[in-house]
Amino acid sequence: MKFSAAVLGFASLASAISVSYDQGYDDAGRSLTSVSCSDGNNGLITKYGWQNQGAVAGFPRIGGYSGIAGWNSAQCGTCYGITYNGNTIYVLAVDHAGDGFNIAKQAMDQLTNGQAAGLGRIDANYQQVATSNCGL
């Protein structure tokens with residue numbers, strides 16, 4: 001009963017958003033200086049000492065989010081539950097995206113049951129959640 005109430009609560013508070021993928025976020029060795037949330041007071045290097053994407057908690061469930069305006073955004077390191085066809089993954093926002101979410105292909109494959117390449121871009125629901133959902 002509690003589980004179904006939690007799922008219904010998530011669904012009722014979620015908003016629709018576009019989700020695509022970029023294989024740059026799949027590169028564990030890519031330096032965090034390549035993303036908007038690199039350094040500065042809100043940067044992931046500054047806050048956690050991570051130097052590359054593979055060190056990020058929850059990797060490869062990372063990506064860009066349109067709510068991150070650019071370098072040192074207060075939205076850096078926020079966690080989102082993204083739901084597609086009843087499947088939810090949690091993604092840590094590490095970069096700016098022009099439209100919705102642009103996440104690692106591996107993360108989108110987890111979200112779409114291996115269909116990221118075939119689908120390319122999807123409409124999903126999302127909600128900001130506690131960072132503990134993203135391994136922080």
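Even glycines carry a Cβ here, placed using N, Cα and C.
What Swiss-Prot says about this one:
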- 1-16: signal peptide (SIGNAL)
- Cys37-Cys76: disulfide bond (DISULFID)
- Cys79-Cys134: disulfide bond (DISULFID)
(request) Would you mind reading off the Cα separation of Cys37 (disulfide bond) from Cys79 (disulfide bond), to the nearest angstrom? (result) 13
(request) Compute the C-alpha separation of Cys134 (disulfide bond) from Cys76 (disulfide bond), stating it in Å without decimals. (result) 13
(message) Through the lens of DSSP with three states only, how would you label Cys79 (disulfide bond)?
(response) strand
(request) Identify, among the disulfide-bonded residues Cys37, Cys79, the residue whose Cβ has the fewest other Cβ atoms within 10 Å in this structure. (result) Cys79
(request) Return the residue, from the listed disulfide-bonded residues Cys76, Cys134, with the maximum count of other C-beta atoms within 10 angstroms of its C-beta. (result) Cys76
(message) Going by DSSP, is Cys37 (disulfide bond) sitting in a helix, a strand, or coil?
(response) coil
